[in-house]
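As annotated by Swiss-Prot, 4-amino-2-methyl-5-(diphosphooxymethyl)pyrimidine binding site applies to Q36, Y37, R38, D39, K40, N68, T106, K136. The annotation Mg(2+) binding site is assigned in Swiss-Prot to D69, D87.
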Amino acid sequence: MKLRGLYAITDSQLLDDGRLLPYVEAALRGGARLLQYRDKSSDQARRLREAESLRELCERHGAQLIVNDDAELAARLGVGLHLGQTDGSLSAARALLGRQAIIGATCHAQLELAEQAVAEGASYVAFGRFFNSSTKPGAPAASVELLDQARPRLHLPITAIGGISLDTAPGLIARGVDLVAVIHALFAAASAAEVERRARAFSALFEPA
């Protein structure tokens, strides 16, 4: 599948109290193309159950599930993987998951990290944070000038992350971003219906004018 559009990322605090599955399904109905399951807890049994349920939802809606920082879980479920800079070897993950798996890499605000990730077999690279982020407030800041430098040098999808909203996403897409990764601007909502509305609005930004 072409990696372009809304990239929804879960948050265990935002999506507690039974909100995970209905809110994620709402995002998928709204057009999310990728879904990253991000849960840093040590409850492996629960994480497996949740990831299996999310995989079923993604399959139903024609989206791809990506697991954050757990190559073994990704391999067990036959889904994609996202690695941060301290989450282990990308080349080892590629060897484990195979040539067809989607594997993404966090590159912060450094083009050199992105080029290294490409060499190690990444399917996409992620730059950010571009704006103030509730999830990672101390992350290095990235600039739109970085996108101008990256686009001609990287021949794979570019993801932007970090405090992205419906107001700021269009400027990033205009600079060549293929995927906008969103957490709070999508899931910090009072209802699943509101999540779906927001997802449709983000997805519409990628439609031809």
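Even glycines carry a Cβ here, placed using N, Cα and C.
DSSP assigns Q36 (4-amino-2-methyl-5-(diphosphooxymethyl)pyrimidine binding site) to a strand. In this structure the alpha carbons, written CA, of Y37 (4-amino-2-methyl-5-(diphosphooxymethyl)pyrimidine binding site) and D87 (Mg(2+) binding site) are 15 Å apart.
Note on D69 (Mg(2+) binding site): other Cβ atoms within 10 Å of its Cβ, all shown chains, come to 17. It is N68, among the binding-site residues Q36, N68, T106, whose Cβ has the fewest other Cβ atoms within 10 Å in the structure shown. Cβ environment of R38 (4-amino-2-methyl-5-(diphosphooxymethyl)pyrimidine binding site): I9, T10, D11, S12, N68 lie under 8 Å away, each six or more residues apart in the same chain. The CA atom of T106 (4-amino-2-methyl-5-(diphosphooxymethyl)pyrimidine binding site) is located 10 Å away from the CA atom of D87 (Mg(2+) binding site).
Less than 8 angstroms from the CB of K40 (4-amino-2-methyl-5-(diphosphooxymethyl)pyrimidine binding site) sit S12, N68, D69, each of them six or more residues away in the same chain. It is D39 that, of the binding-site residues D39, D87, has its Cβ surrounded by the most other Cβ atoms within 10 Å.
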